[in-house]
């Protein structure tokens, strides 16, 4: 089936309701969804939240930089901006199985990784956690068990970073915000992780 990107001129795309009309009547976003750029991670489908009520933040490896005031970061800026909205009461951090960013951290694609990508992955500060989680299973050709263990460790590391943001700490302490870490598996299921309960995953029904 031809992609709409291949059409020679703009075409009309039918939607349930014009975006502008929805945006006019809906002003209270409900959640922030932070994820990798993998196309399988469709935020509205996974959360069940309408697009006009959902903020999305995507980057390679669903990385949340550690909070700092002396750096320029679109991720830090976006998180701080969104969490100023009192209606946003949930933040979902979503990783996934077979994450290429994590494979790079495990040094399996080193030769093909560009310098900018290496520097970006360093911001996630999860290499030690990924190596530890993969353990001896990472020796030799990368297998999916080691890969996914490392991907889960990477996700939990980013969740810890997120929990350190001043806005997150303040609103969680006030009972105004919930943090969620979801891991999308190769089977199409979603595992749920929480702070201090990282190893007790529970599959979403």
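Each Cβ is built from the backbone N, Cα and C atoms, and glycine gets one as well.
Feature list (source: TrEMBL):
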| type | residues | note |
| --- | --- | --- |
| BINDING | 36, 38, 96, 99 | Zn(2+) binding site |
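TrEMBL feature annotations superimposed on the structure.
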{"residue": "36", "record": "Zn(2+) binding site", "Cβ neighbours (10 Å)": "24"}
{"residue": "38", "record": "Zn(2+) binding site", "Cβ neighbours (10 Å)": "20"}
{"residue": "96", "record": "Zn(2+) binding site", "Cβ neighbours (10 Å)": "22"}
{"residue": "99", "record": "Zn(2+) binding site", "Cβ neighbours (10 Å)": "25"}
Residues close to Zn(2+) site centre defined by 36, 38, 96, 99, Cβ within 8 Å: 35, 37, 40, 41, 61, 62, 94, 95, 97, 98, 100, 101, 151, 184
